[in-house]
Amino acid sequence: MGIQGLLQFLKEASEPVHVKKYKGKTVAVDTYCWLHKGAFACAEKLAKGEPTDQYVQFCMKLVHMLLSFGVKPILVFDGCTLPSKKDVEKARREKRQTNLQKGKQLLREGKLAEARECFSRSVNITSSMAHEVIKAARSEGVDYIVAPYEADSQLAYLNKNDFAEAIITEDSDLLAFGCKKVLLKMDKFGNGLEIDQARFGMCRSLGDVFTEEKFRYMCILSGCDYLPSIHGIGLAKACKLLKVANNPDITKVIQKIGQYLKTNITVPEGYIEGFLRANNTFLYQLVFDPVERKLIPLNPYGNDVNPEELNYAGPNMGDSVALQIALGNMDINTRKQIDDYNPDIPQLSHHRSQSWDNKQLNRKTAHTDSIWYTKSEPCKTTKIEEIHSPRGLILPSKKHTVKRSYEDGVSDTDLISQYSFSKNKKARPDGDDPMQQVPASTMILQPLDDCANTKPKKPIHQPKTRNAFATFLQRQKQDCSSVSATGTRSRFFYKPADEKPHCTEKEQIVCNGSALDIAKETHELTEESSIKTEKEDSLSTISEVCKPNNQRISPLQNQRSCFTWSGSLDSESSPTPKQSPMLLSLQKFHRTTPYMQNEAENKPSWQSSCIKSDTVSQIDSNEKLLKKQDIEDTDSDEHASTPESPCQFTMKASPAHQSFFPEPKGSAPKSKVPGLLKSQSVVSGLRTKVKPRAPAKVSGLTNRSNTKATRNNENVPGLQATIGDLWKNFSYKK
């Protein structure tokens, strides 16, 4: 069936597509191809004569698939046998009868597999089987038409006259009839191979010189249902012949076919007449116009064509008979009345429900947009989705369709309100400080207005922010924006006027590598006004707060600090602010160390704390080393302190490692602060001995101590090497 090798020959013009490409449009279907596929599943029952409707279910399943994608199908069935195909139909009938007899014989012998194969080849689609599919399509409001003769010519007419956008078939003869778009090899999912006539120029074998007429000649020469081919002539040689021959008369080209192809090919007698009959059959085969409801040729007759001589293309049976055949009311073989369907009478169709929102659409009558309706337009390719809406397709209509609401679901209004800003939201005043909204528990160090004033302010209850820690870091970044990113600053060019009183706040500490922010409330303690009064106090405070006008705290000091003060040593100090419940729950994990005092030397001993520690022995060894270094640094810093600045201490090391502040040498023994251990990362970084800082230089660098007494000094002549000494050291002995 069809033209052998044509699909492979037009491979470059084909394109794999899905049927949803034609959503909202109308397609015509060669239903006999579907009937043959559906009959294969029940071939054994059909051969035995058992009743079955599997082929009907198969065809309607494909119809429902097209409707689900918004495609309106028109089912086209074959009619009477065409006189031009009597020989072909006779040969096919004999072949089917032979396979049927062979299958019955194999079934008697018990060879079931071979018998089924023979039965599948012997399937004959009868008019009664087609009528069962017609009744099923009619009940669901699907358009159909029975061709007066062949379905191929009727499909081509529907496509050329814009009744259908494309043709769904398995027969390649549709291309020879001049169809614009043909969808071949479509499966049950809607995938197929589309061949568009507009893409024929992409085929290298055809070239740009081929026209629709030459393409039809090529198909006839290569062999079709109306005329067998000449021995040795296929699509390739037929295409080559039409490219080489310049004579417009095709009969003369066929006579000289051997000269054009340079082969010894003889044209059989009667071949030219058969060629002309086949060409006229492709052009003037009778079809039925559903709008005018009469028989017409596929293409208008030419001036040199006599319709009475074209009986081989289908004799004129009359418009009334053709109408009854087209409606499926008359048997095509016996011409007996088998049904009384009238498309002009509105009938209630039982559509298959595709979704929840198209039940009302299914109640529409079938004749409203049918091709049989006399007031309908020929083109039915627009707005077809209003009749058969696919699953989930939102159709434009005045009525608002309401979907089923899910239980415990969020409505669309609530969902939109979650992603939109409220219009009644009050704007924050310009004077509001984002730091005021940060709870007191997030403040590591609280700034003090005066060193002597140690009374903490009452925490102000502020509404909880979305991310207080992010606000805190943003405020700290703005306050410390003038500080160098590396934390280094020349002490020579330093001016007290550049100091800002803030930047004393620290970030929260994340210990043990977790995301838990442990915020501990601390007190800023100050020292007494002079060194003499400090010696008389029984307790002194440990602070890292200095006067803002005299000394600037390095930003690296705030960033590298891994501990905070957790209590007060002064009995006269104000009470500790109320801790948060989170801190109270974590207080049981607070680690404390025994007091360490050195009464013999009355020197302060320092003790650090860290929540994350590997071993206790490593921390104790580092504490002893730091204790010894701090005592030595205290002795060197005692001479540098003056009565004018009693609270100011000289920084012992670089700002990156500054975490301890010494007290004057003559101070009374201090009580130890429990639970203050330095983190291991900081302690491990101070393994080398911290040297006391020398007086400030212009370059801002510390002066290294002169370890060698014999070092050359250019300012002292006695220590310089003279030329005579050099000659003595490097002279050779005689």
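For all residues, glycine too, the Cβ spot is worked out from N, Cα and C.
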Note = Matching 516-535, 536-555, 656-675 to Swiss-Prot annotations, region 'Disordered' lands on 656-675
Ask   = Out of 365-396, 461-492, 557-588, 685-716, which range is noted as region 'Disordered' by Swiss-Prot?
value = 685-716
Request  = Can you match one of Asp30, Asp196, Asp208 to the Mg(2+) 1 site that Swiss-Prot gives for Asp78, Glu150, Asp152?
outcome  = Asp30
Query = Among Asp87, Asp225, Asp249, which residue does Swiss-Prot annotate as binding Mg(2+) 2 together with Asp171, Asp173?
reply = Asp225
Pairwise CA distance, Asp78 (Mg(2+) 1 binding site) versus Asp173 (Mg(2+) 2 binding site), rounded so that it is a whole Å = 14
Message = Near Asp173 (Mg(2+) 2 binding site) in space, meaning Cα within 10 angstroms, which of the binding-site residues do we find among Asp30, Glu150, Asp152?
response = Asp152
Remark   = For Mg(2+) 1, residues beyond Asp30, Asp78, Glu150, Asp152 with C-beta within 8 angstroms of the site's Cβ centre include exactly Tyr32, Val76, Ala147, Ala151, Ser153, Gln154, Leu155, Asp171
Ask   = In whole Å, how far is Asp225 (Mg(2+) 2 binding site) from Glu150 (Mg(2+) 1 binding site) when you measure between their Cα atoms?
value = 12
Query = Expressed to the nearest Å, what is the distance separating Asp225 (Mg(2+) 2 binding site) and Asp152 (Mg(2+) 1 binding site) at their Cα atoms?
reply = 12
